[in-house]
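Asker: So TrEMBL lists the following for this protein:
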COMPBIAS  119-132  compositional bias 'Polar residues'
DOMAIN    1-255  domain 'Band 3 cytoplasmic'
DOMAIN    310-844  domain 'Bicarbonate transporter-like transmembrane'
REGION    105-140  region 'Disordered'
REGION    257-305  region 'Disordered'
TRANSMEM  341-361  transmembrane segment
TRANSMEM  373-402  transmembrane segment
TRANSMEM  422-440  transmembrane segment
TRANSMEM  452-470  transmembrane segment
TRANSMEM  556-574  transmembrane segment
TRANSMEM  594-612  transmembrane segment
TRANSMEM  632-660  transmembrane segment
TRANSMEM  681-706  transmembrane segment
TRANSMEM  742-761  transmembrane segment
TRANSMEM  768-787  transmembrane segment
TRANSMEM  814-831  transmembrane segment
Amino acid sequence: RWIKFEEKVEDGGERWSAPHVPALPLHSLFQLRTCLQTGTMLLDLDATTFKEIIDKALSGQPEEAELQPALRERLAALLLLQPQHQPTKSLLQLLAELGVSPCQGRKHNCPSRHPPTAPSQGQSEPKTQLSKTPLKEQLRNRFKKKVPPGAEAAHVAVGEVEFLEKPFAAFIRLRRGVSLGSLAEVSLPSRFLFILLGPPKVKAYHDIGRAMATLLTDELFQRAARQAEHREDLITGMEAFLDELIVLPPGKWDPSTRIPPPSCLPSPRRRIGADSLDQQPHGNGDMTASGDRASPGHPHSGEELERTGRLFGGLLRDIRRKAPWYGSDFSDALHPQCLSAVLYIYLATVTNAITFGGMLGDATANMQGVLESFLGTAFAGFIFCLFSGQPLTILSSTGPVLVFERLLFSFSQDHSLDYLEFRLWIGLWVAFFGVVLVATEASHLVRYFTRFTEEGFCALISLIFIYDSLKKMLSLADAFPINWQYRLDNVTSYSCTCNLRRLFNAILTCLTTLHVPPLPSIQCPPPAILAGLSRTQCQDQGGHLLGTSCQYVPDVTLISFLLFGGTFFSCTALKSFRSSRYFPGGVRKLVSDFAVILAILTSCIVDAVLGLETPKLLVPSELKPTNPARGWIVFPFGVNPWWVCLVSAVPAVLVTILIFMDQQITAVILNRREYKLQKGAGFHLDLLCVSLLMVVTSVTGLPWYVSATVISLAHMESLRKESATSAPGEHPEFLGIREQRLTGLAVFILMGISVFMAPVLKHIPMPVLYGVFLHMGVAALNSIQLMDRVRLLLMPAKHQPDLAYLRHVPLRRVYFFTVIQLLCLALLWVLKSTMAAIIFPVMV
């Protein structure tokens, strides 16, 4: 049988072989061409039953090849017998049949190298007449799940017949697809039939039949066969197939070797001119150009970035483009995959908010802290997902913004300025400049962003995620130090007691100073009496810990690193489980969709079972500013001089460049053509949303937000759509991204109520979330071509993969391009790590 690739029933007769690329003898194709040239050919035959088809085929022979009436009757009776199919059975069915009777269908001894002569349960009796209606086993055949919707069946019947003296060949095309009863393995409408029967002295029938089936699975020959009006048209289609044929020389390969299917098939557009093909993609992996999207509201290629020459012209066009899709942005989210994406991105966003909130608190004396980070992320993210042009984008604080906040706070402290008031005016100017950029359609400059810039920026943000996750884990060794000097032989000398002697000495000194006569009852108890106090109780009473093992925190650092690494590797392994060989496709897809959630749950269970005091996720439990000295509203005219509102325009220019570059580069990466987005982009609308949110976050003293590259990419990857059915041997086809607004809205609603979920969230270990961070950084880094080219630097030329650009670009130029990219990446990293980070966007 063939769908995309060939499958054979193995010699044991109990299973189908693995799908493989058919290898045909060249002679069989020439013999097939002869059969088509000389045999019976019926095009657009009106028939509704297989018997009617056979009668017309046998009576439509040329006069010189016409069969005797008796032979025709015998041939018709033979062809109308019920064929014996090999049903596709589940593992449970095979085990059940094995348990009922290991020798089912045989009357004699079981051991045999040949398949049973009688059919097993579920197979059709070979001597019965063909049924006009589908059989029960046809309707229940699990193989039908692998057949694409709208497919039709073609039947190839070849074999040796003793009563024939010369071959009988017929090619039949029905005018419309009809069901031919129990002829096919599964119940499908049939369109083509090919029959070749002949005397036993000719041995090539089987290979000729395989050649015919291979031709009928070729998309270009299918087109020729459907459109052929005469025999010559069909021969021309076969000649075109022969023109593309590639011959493997004998002796250079083993003909018995089954060639595995390729991971990606070439598109028919690459085989003939695109003008003569339909616009619908045929081959697996065919990437539809952005201009081919024939859906309502979608622009032509590049229209999102074309200038209209009118104020706010690009913004209005974005709104008109996105408006028809607004209803489907909610209905398209009704899928279990979206639940997995919500939980995954929520935990990633919570971790990011806590990390950046803590660093903002350190940089601004808690003028902005973890609670402000939570509330700002929830509000800004919710509004952005509700009104933006690309709702798959996740807003977050970023490293460059954090550096600017630190510099701004230091400048305010040095010049006795109110930090939040100064920041408010900068935010208002940034919002104004952002609206001006939207009005003048400055986003059209995005079209000049090349792969060089995109990859450099994406690699930098990914490396920051990887670096920060590792840095956080290494800092655990300071909070929970490892006792490197521990020796098992010295276990008797290890102790830690609470020493309150200094407290009693201080009391006695105080009494002496007050001229109080010493009381004989005041005595310092020996340390052994205080050994029962906990560390907290000891420190609360003014004591200090004394002993050789007081700084030893057993096992916490070790188990934290195990949880960190276990979560990362579990995420990676479960995410790739979709392409595994184990379990049915539905199970693999479900596990892959919920990979990160399963990894987090497993690590949390391991942590709970072990019961060690690993650092946990702590979220604020009260709605009040982190710094009691500030309120929830920042007033524009307060402590600072009046001229600050004008001077603020200067740093606002730098922040505007930072926001514009950060936002638009992320938008370009998310709207890549290979993601096959159907609803279009909204560069101008996104920039307007971010600019207006700057006003609200500045007035309320919340952090500033911009698109987060790595988390947004993780959001996209968690919403990938693939074809539900795929032919045996064919990889599931990537269909695009599940574009909707509901996952982002749900993530930020959960962020807002996280304050009330503290009792639940406190059971999640921070090393587990750092492992998720590492997974997101590595996944984003592996998604760019730069990493492939970095690997090429370490490979000898003969071991390099057969990449498309290596066929057309000299290797030294690839190396040169990659080295320049790495140098620029290193420069950006150095800038980011110094006080010069404020010019980071200019360098980009």
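Counting starts with 1 at the first residue shown.
Backbone N, Cα and C atoms are what each Cβ position is placed from, and that goes for glycine too.
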Asker: Near the transmembrane segment (594-612), which same-chain residues lie under 8 Å Cβ to Cβ, leaving out any that are not at least 6 residues past its ends?
Answerer: 340, 343-344, 347, 555-556, 559, 563, 566-567, 570-571, 574-575, 577, 718, 763-765, 768-769, 771-772, 775
Asker: So are the transmembrane segment (422-440) and the transmembrane segment (681-706) touching or not, going by 3+ C-beta pairs under 8 A with a sequence gap of 6 or more?
Answerer: yes
Asker: Could you pull the average pLDDT for the domain 'Band 3 cytoplasmic' (1-255)?
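Answerer: Mean per-residue confidence for the domain 'Band 3 cytoplasmic' (1-255): 79 out of 100.
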Asker: Which residues of the same chain, at least 6 past either end of the transmembrane segment (373-402), have a Cβ under 8 Å from a Cβ in it?
Answerer: 318, 321-322, 329, 345, 349, 352-354, 356-357, 359-360, 363, 461, 464, 619-620, 623, 655, 658, 662, 666-667, 670-671, 680-686, 689-690, 693, 696-697, 700, 702-708, 711-712, 715-716, 719, 737, 739-741, 744-745, 747-749, 751-752, 754-755, 832, 837, 840-841
Asker: At a C-beta cut-off of under 8 Å, are there same-chain residues at least 6 beyond the transmembrane segment (681-706) that contact it? List them, or none.
Answerer: 304-305, 312, 314-315, 317-319, 321-322, 356-357, 360, 367-368, 372-373, 375-377, 379-381, 383-384, 387-390, 393, 395-398, 401, 405, 420, 423-424, 426-428, 430-431, 433-435, 437-438, 441, 443, 446, 625, 630, 632-634, 655, 658-660, 662-664, 666-667, 671
Asker: Give residue numbers and ranges for long-range contacts of the transmembrane segment (452-470): same chain, 6 or more residues beyond its ends, CB-CB under 8 A.
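Answerer: Sequence-remote neighbours of the transmembrane segment (452-470) are 355, 398-399, 564, 665, 668-669, 709-710, 713, 770-771, 773-774, 776-778, 780-781, 783-787, 817, 821, 824-825, 828-829, 832, 844.
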Asker: Using Cβ atoms and a strict cutoff of less than 8 Å, what residues sit near the transmembrane segment (341-361) while being 6 or more residues removed from its termini?
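Answerer: Cβ under 8 Å, 6 or more out: 368-374, 377, 381, 394, 396-397, 402, 405, 468, 472, 596-597, 600, 617-619, 626, 703, 708, 711, 714-715, 718-719, 743-744, 746-748, 750-751, 754, 761, 764, 766, 769-770, 772-773, 776.
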